[in-house]
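Here is what Swiss-Prot records for this protein:
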- 117-124, 146-150, 164-167, 226-229, 261-263: GTP binding site (BINDING)
- Ser124, Thr148: Mg(2+) binding site (BINDING)
- 109-282: domain 'EngB-type G' (DOMAIN)
Amino acid sequence: MAAHRLRQSVGRLFAMGPELGSGRRAFSAFQAFTEVLRLPSKQLTKLVFPLEELHEHFVPGSRPDLHLNIFHPSLEDIARAESFFTASARNRIEYLTSAVRLDHAPDLHRPEVCFIGRSNVGKSSLIKALFSLAPEVEVRVSKKPGHTKKLNFYKVGKYFTLVDMPGYGYRAPEDFVDMVETYLKERKNLMRTFLLVDSVVGIQKADNIAIEMCEEFALPYVMVLTKIDKPSKGHLLKQVLQIQKFVDTKTQGCFPQLFPVSAMTYSGIHLLRCFIADITGNLKTTGF
């Protein structure tokens, strides 16, 4: 009943929104939250709160602490967050510029979040999924893995800026550490770093470079587990346990709650949008 009432109110909320059927990218059925709210309760939980759904697969009485309720917004909060990611005449979402060094970066006076991860971790796909309600956004993708050598800046209306960092690991640019380290250490309006980890292979040696930088500079960061549609359920549960243990025992600045996502099924995407809207100060949620 609650979901039904919310579906009606959300429908009214977005009745004046932009037409989502046009644009260069094809749309998944679940890009818009109004469609997600039509799902039965169990499927809705799996799509919106994937960590909660995974938690249910552990044996009762021996379930690990996955910090499920640190950020657990209401469905209404998640629906409100979607408006920040929906392009309109009054909310322009667009690629802004690229920079090879911090002193080339635009001097913006709005909150900023950055996405960082190994080459082929699915960073570009995740950013496309986050911006799927703004189909005209041109997400910059290198033709060859690891060849992105620039910081790509995306303007999200008047609300915040999303920065796509060069991928590290395989064939990363030689000056990767200097470029990224300078940005992380000196960018004053950086609110949160989103560190992407492939849920198929877990934390790799190359990931420790980014983790160590975040810890050294005392930066608040979040681990996002990508490609959760790829591994088997058993393998995914194993990876979640291992990564959660790492966060709990080896980190100081990492947000305790993991964010599993799939850019293919949109599982976890709506929750991640809501988290970004919250930590950039644009949406006061009941999540915390």
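In case you wondered, yes, glycine gets a Cβ from its N, Cα and C as well.
Residue density at Val261 (GTP binding site): 28 other Cβ atoms are found within 10 A of its Cβ, drawing on all protein chains shown. For the binding-site residues listed here (Gly117, Pro166), the lowest count of other CB atoms within 10 A around the CB belongs to Pro166.
Sequence-distant neighbours of Lys227 (GTP binding site) (same chain, 6+ apart, CB under 8 A from its CB) are Gly122, Asp198, Ser199, Val200, Ser262, Ala263. Note on the binding-site residues Asn120, Ser124: the fewest other CB atoms within 10 A surround the CB of Asn120. Local packing around the binding-site residues Lys123, Lys150 was summarised as the count of other Cβ atoms within 10 Å of each Cβ; on this measure the leading residue is Lys123. In this structure the C-alpha atoms belonging to Pro166 (GTP binding site) and Ser124 (Mg(2+) binding site) are separated by 10 Å.
Under DSSP, Gly117 (GTP binding site) is assigned to a strand (E or B) in the three-state scheme.
Taken as a whole, the domain 'EngB-type G' (109-282) shows an average pLDDT of 92 in this prediction.
In the three-state DSSP classification, Ser124 (Mg(2+) binding site) falls within a helix. The CA atom of Lys150 (GTP binding site) is located 13 Å away from the CA atom of Ser124 (Mg(2+) binding site).
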